[in-house]
Amino acid sequence: MTQTRQTYRYFVERMDCADCARTVENALSRLPGVEDTRVNFNTQTLSLTLDTTQSSTSKVEQTLRSLGYPPTLQEEKQTLLPLKYFVERMDCADCARTVENALSRLPGVQDTRVNFNTQTLTLTLDPAQTSALTLEQTLRSLGYPPTLQGGEGGGGGGEVKKPQTAPRAPQPWHQTAKGKSVLTTGGLLILAVLLSVVLPGYALWAYTLATLIGTYPLAIKAFHAARLGEPFTINTLITVAALGSVLIGESAEGALVVFLFTIGELLEGIAAGKARQGIQALAQLAPKTALLLENGQTREVPVEDLHVGQTVQVQPGGRIPADGTILTGEGSVDDSPVTGESVPVSKGTGDSVFAGSINTESVLTVRVERDASDNTISRIIHLVEEAESSKAPTARFIDRFSRIYTPLVMLVSLLIAVVPPLFFGGSWYEWLYKGVTLLLIGCPCALVLSVPAAVTSGISAGARRGLLIKGGLALENIGSVKTIAFDKTGTLTENKPQVTDVVPLEGTEENVLKIAAAVEQGSSHPLAKAIVQKAGAANLPEARDHKAIPGKGVTATVQGVSHQISSPKHASKTADLSQHQKQIETLEEQGKTVVVLLRENTPLALIAIRDEPRGDAKEAIAKLRSLGVNAVMLTGDNRRTGHAIASSLGMEVQAELLPEDKLRIIREMKQHGKVAMIGDGINDAPALAESDVGIAMGGGTDVALETADAALLGHNVRGVSDLLQLSRQTMGNIKQNVVFALGLKLIFLVTTLLGITGLWPAILSDTGATVLVTLNALRLLKFNPQ
């Protein structure tokens, strides 16, 4: 059976605002065969799924270009093309929405994500349904020229364009499209003013010409958007208002309205650029060059030329150029640029290091484990961009609301303009003027921007502190959790268990420890490694037939006799431990995990192992309590050990749990409010998935980055309370933005109806609100947890 549904990704130029994204998304959603459309005005990216039997990729791209958002197809993967574009001028929430909505209607486009902060668009494209060329033309028609970032795409019809690997350098404001619009409309307004002074009789014509010329680019965008099913865009409102001002003889105010609108667009783009710098700063962490070590000699090479398996040398004070493993040397490494760890960590041979970390002491030689495009920093940037593209529930609500709000405002404006004169003898000039003014008040820019601007700033602020939040939904949920469940090992503890006591019941301590190490040798379990490390690898007796018993222990044949290491609970089923029960309880009450070494059914030794709690764990749990959140430890350890560690940290505990038990407890806790689960991302996968918010602690590992809803890149429990505070501050910021945007509109609505304010204060209110909402959201970039 021939596959007709394919995924496409585009970089969409000029789709740099929420209204742009909505226009794109809505326009594309009306094309037959288009599904799963996602736009991200922050990254100026679009992805969607297309059924090629209903629409072609050419149709999708033509649609985008007709909207003024030229698309660029991104890299191909099998039959689908995952594409990423840098989209010029898509630097506001409204632009991104227009791009997203328009592209969502193109056949063969799916998984569309737009990010107006980074001006990127990602999507998956089926070239059999819509070509990259068509997608790019659609973006250009919307006024957002795209540039392909990596991979192959564009062209269509056999033509392949070489993509750029990075966005072009930021331009001075006066060289940008929005800057040129400001200069053009401002220049026209000044010329009209001068002409009205010199030739007063031609003043009306001068202002009319300035208004029409300034409105023309907006009208073209509005026309293309309307043709694609998006008639209620910000460009439509401004165009109608400007033409209305001409019709009622207020061309001077119309020209001023267009000029103020372009200023607002420019300021919003500049403000969004500030948020963009947060992610761009991450990309600058890794050095541009590295000292490649070959045959005892070093030479400087670009980090992009490094390959897995090569060796690099890192001088004291230098940044590590690639993710890798230390081969020689030891000293302190400052991971704070990547993980947020505030204190340098001592590292030596065999330890992992991250690209961008700082070598503070001696010379290190490091084996490269990842290419530059796949290092931790690159993956963090990718995940943050994906997270910014993921709409929060509040953002989706605002999106739905604005779809009703804008046409409703236009309808009310029409009624106010015509009803009083037709039915109540009102002045046509007065009520037409009020109707046009109301149109400007109805511009949704500030409202649409209120959520994505705050979410983007919050996610960026978290990434800079080693708090990786993978989407708006997770960011919203974290702050509202009532209970946080912690896995013990590796989360609340150091995950460095050490043997503290060896109690021989037969033979000598050295002998039973060597037998235990022989049984455990080769096991990856942390407790097994602790026993082997304590005994030393040399001169261990021969062992064979190793067999792990999940959740119970391990068996092996040592010196021809079957031996077993297991928990006291499991061992007591085959051996008599009654004489040793008091010793076991004493050790467990000290927070130690006890295992029993059996020779057949005879106990040979008790071995106690302790994994020390993390240094900041107690303080972190206390902070969570002060934030009104209950903390619970979930552990597979015995009750006495679990209670000993939990009581030292000041938290509740559920012990002797199997993975399915943790799952059950999470479900029970969810009945009383939202629950977050924090674990290592591997053993706790079911519980992480079941919780409302899964948080992985992993120090930059693949597991920490790819699993759960959020990740603490540093090895500190305090990051959990930081996440909560960041979430709550972000949600508070969103509420401030929404109240401010709607409140200001309500004030000007009343003053307009009372005849106090006119056209230019109306547009100034929206422009000012948009800029202030953005600046308020940018305050989150200075997030500093208490």
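Every residue, even glycine, has its Cβ placed from backbone N, Cα and C.
Quick look at what TrEMBL annotates:
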DOMAIN    6-72  domain 'HMA'
DOMAIN    81-147  domain 'HMA'
REGION    144-176  region 'Disordered'
TRANSMEM  181-198  transmembrane segment
TRANSMEM  232-249  transmembrane segment
TRANSMEM  404-424  transmembrane segment
TRANSMEM  436-455  transmembrane segment
TRANSMEM  738-756  transmembrane segment
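The largest share of C-beta pairs under 8 angstroms with the transmembrane segment (404-424) comes from 436-455, of the ranges 181-198, 232-249, 436-455, 738-756. Helix, strand and coil content of the domain 'HMA' (81-147), in residues and according to DSSP, is 21 helix, 22 strand, 24 coil. Summarising model confidence by region, the domain 'HMA' (81-147) averages a pLDDT of 83.
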